[in-house]
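Asker: To start, I am sharing the structure in question, which I have written as structure tokens.
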Amino acid sequence: MAKNTQTQALKILPLGGLHEIGKNTCVFEYDDEILLLDAGLAFPTDDMHGVNVVLPDMTYLRENREKIKGMVVTHGHEDHIGGIAYHLKQFDIPIIYGPRLAMALLRDKLEEAGMLERTNLQTVSPREMVRLGKSFVVEFIRNTHSIADSYCLAIHTPLGVVMHSGDFKIDHTPIDGEFFDLQKVAEYGEKGVLCLLSDSTNAEVPGITPSEASVIPNLDRVFSQAEGRLMVTTFASSVHRVNIILSLAQKHQRKVAVVGRSMLNVIAHARKLGYIKCPDNLFVPLKAARNLPDQQQLILTTGSQGEPLAAMTRISNGEHPQIKIRQGDTVVFSANPIPGNTIAVVNTIDRLMMQGANVIYGKHQGIHVSGHASQEEHKMLLALTRPKFFVPVHGEHRMLVKHSQMAQAQGIPSENIVIVNNGDVIELTGDRIRVAGQVPSGIELVDQAGIVHESTMAERQQMAEDGLVTVAAALSKTGTLLAYPEVHCRGVVMTIQPKLLEELIVRTIENFLTERWSEFTHGSNGSTEVSWNALQKELESSLQRLIKRELQSSPMVLLMLQTDTPIELDQVPQNVSTVSATSATPAPRKKVVLTKTPEPKVKAKPEKKVVTTAEPSAQPVSTTKVYRRSRKRSTTSVSS
């Protein structure tokens, strides 16, 4: 029996890229079939300690993996394809269609991650149509952007055509001679576009975004004026910009040494596919370039965004093994900082200048243009497509608002425009658009080991802000201390004497054992069993309260227990170890008496060891110690 398309709805679920820059990921769902459009990443902020990349929460796709029919990719930027290798570890994507350059870059990523066998990569040509499942047919329409081989998409669904602009600007003098296919866009507008989802990045900017070709005379001037070594940094994926730089190097008779893995990779693929045309002898290894006269050298490198491990950042820090800044060097930043990177870029520029480099940077130099459309280009796309419904995407909140205002000015009724959040479920019928619900929409953080969960990030942040206090205590099966506890503080601002803090900690442990030991013991058949895990958690909480009260801060508290009681392996908590009864001398349980004198007096214990932040770690009481981060709960805006 045929399904009634008048009552069915098309669902559109943006999982990333809204009210932010990066993580562009969108899901289209109809009749139990899912089409995925792009799957990008973002880069971590300064407070995401140890994190390499940020991904959208893909819980919805993990839970509906059997519905996924495939993916379409608009272009090869990291914020559109950078997450795919990570996601393939969690769910299969049967087939991925995309431009030649994007697929070449993606293939490298998947091979490196060992994920190439989890999907099938297929390249497309302009105006090519592909079918995914029974519900979706997608046509690829060439647009213009800062990377070669970029597309907008016409997604045919049972309810009508939904157009997605991809990242775009309307460049009338493109470097590669490939124009935005506005004719095809207009044809869809004539036939009728149900909904348009459009890039909002530069929706605040009046006028028209300058052509990529406009940077050529300004960069040419810089090349002409540079008397010594010339170093240029830009986005590795800005193929058109890289092509301009290489052409100018050839014109000014400079040999090019390419530094940075991503830059080398993109240039290799772009040359193979014909997007960059230059002779082989233009390039020299970095070691060979150092033997050339300064005026014949051009070092093309990554690091335009101040990335910590990128080549230009390492050069500015004096950490690059082969490149040291010297007086007379000219360094060109042919890129503007993306949101969140401004401080890192400014610091990199400052360090380069301090070492004597002449640094060329900033919008006033005319050496960079955006790859995103400004207001007049947005108006043109709206006029050509004439969509019934409109959803601004790919941008921060103010950009989305400005874009929606332009759409209203172009004649789209306000009730036909929705500004949505990541995770919102847009429900689209032939005559209505609405937000019908929400799916998980947080973020997933990835470090070198894998996914970083919320609790781990909270612990890292806590240690970064307030430091770490570790307490090691050895207990007997009767609840007495086998030895005087060890206390170590790292990164903690001490508002009281370390010795006094140690004595307070010891007294808290002794009081706890005296007053509450019986809560964690129970007997059977004449033997006594101890709930070590529960005891550890409660004692650790008591120490946390004490330290917070005394230090007026909240360092992470890590309690490590040792016991002389044999314990079954499945009963041993991660931070409890067993010790031989002979490995430590039992210490008599004694109260530590604190007085109001400047130096508290306590009965001397021969085995006592006092450890402060200035001392190296003391030898442990026993030969076995297990260290573990505590699982203290902490509120955080990061979701797993």
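Quick reminder: no glycine exception, Cβ is built from N, Cα and C everywhere.
Annotation comment: Swiss-Prot describes His75, His77, His145, Asp167 as Zn(2+) 1 binding site, evidence class sequence analysis. The Zn(2+) 2 binding site annotation in Swiss-Prot covers Asp79, His80, Asp167, His394 and is backed by sequence analysis. Under the heading substrate binding site, Swiss-Prot lists His368, Val369, Ser370, Gly371, His372. Summarising the annotation, Swiss-Prot assigns compositional bias 'Basic and acidic residues' to 598-610. Annotation source Swiss-Prot lists region 'Disordered' at 578-640.
How buried are these features, and what lies next to them?
Answerer: Non-local contacts of His75 (Zn(2+) 1 binding site) by the CB criterion (under 8 A, 6+ apart in sequence, same chain) comprise Gly98, Pro99, Leu101, Ala102, His145, Ile147, Asp149, Ser150, Tyr151, Gly166, Asp167.
Under DSSP, His80 (Zn(2+) 2 binding site) is assigned to a helix (H, G or I) in the three-state scheme.
Residues near His368 (substrate binding site) in space but far in sequence (CB under 8 A, at least 6 apart, same chain), listed by position: Val215, Thr234, Arg241, Phe333, Ser334, Ala335, Asn336.
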Asker: Please compare the binding-site residues His77, His394 by how many other CB atoms fall within 10 Å of each one's CB, and tell me which has the fewest.
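Answerer: Per-residue Cβ counts within 10 Å for the binding-site residues His77, His394 bottom out at His77.
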Asker: Closest of the binding-site residues to His80 (Zn(2+) 2 binding site), Cα to Cα, picking from Val369, Ser370, Gly371?
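Answerer: It is Gly371, whose Cα lies nearest.
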Asker: Could you round the CA separation between Ser370 (substrate binding site) and His77 (Zn(2+) 1 binding site) to a whole angstrom and send it over?
Answerer: 14
Asker: When you measure from the Cβ of Gly371 (substrate binding site), which residues in the chain that are at least 6 apart have a Cβ under 8 Å away?
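Answerer: Correct list: His145, Ser146, Ile147, Asp167, Lys169, Thr209, Glu212, Ser238.
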Asker: Hey, which of the binding-site residues His80, His145, His372 is the loneliest by Cβ count within 10 Å?
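Answerer: Lowest Cβ count within 10 Å among the binding-site residues (His80, His145, His372) is His372.
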Asker: Are there any residues in the same chain, six or more apart in sequence, whose C-beta is under 8 angstroms from the C-beta of Asp79 (Zn(2+) 2 binding site), and if so which?
Answerer: Gly17, Ile21, Gly22, Lys23, Asn24, Gly40, Leu41, Ala42
Asker: Roughly how many angstrom lie between the C-alpha atoms of Val369 (substrate binding site) and His394 (Zn(2+) 2 binding site)?
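Answerer: With the alpha carbons as reference points, the distance is 18 Å.
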Asker: If you draw a 10 Å sphere on the Cβ of Ser370 (substrate binding site), how many other Cβ atoms land inside?
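Answerer: The answer is 17 other Cβ atoms.
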Asker: Inside 8 A of the center formed by the CB atoms of His368, Val369, Ser370, Gly371, His372, which other residues of the chain have their CB, for the recorded substrate site?
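Answerer: The surrounding set, listed in chain order, is Ser146, Lys169, Asn202, Thr209, Pro210, Glu212, Asn336.
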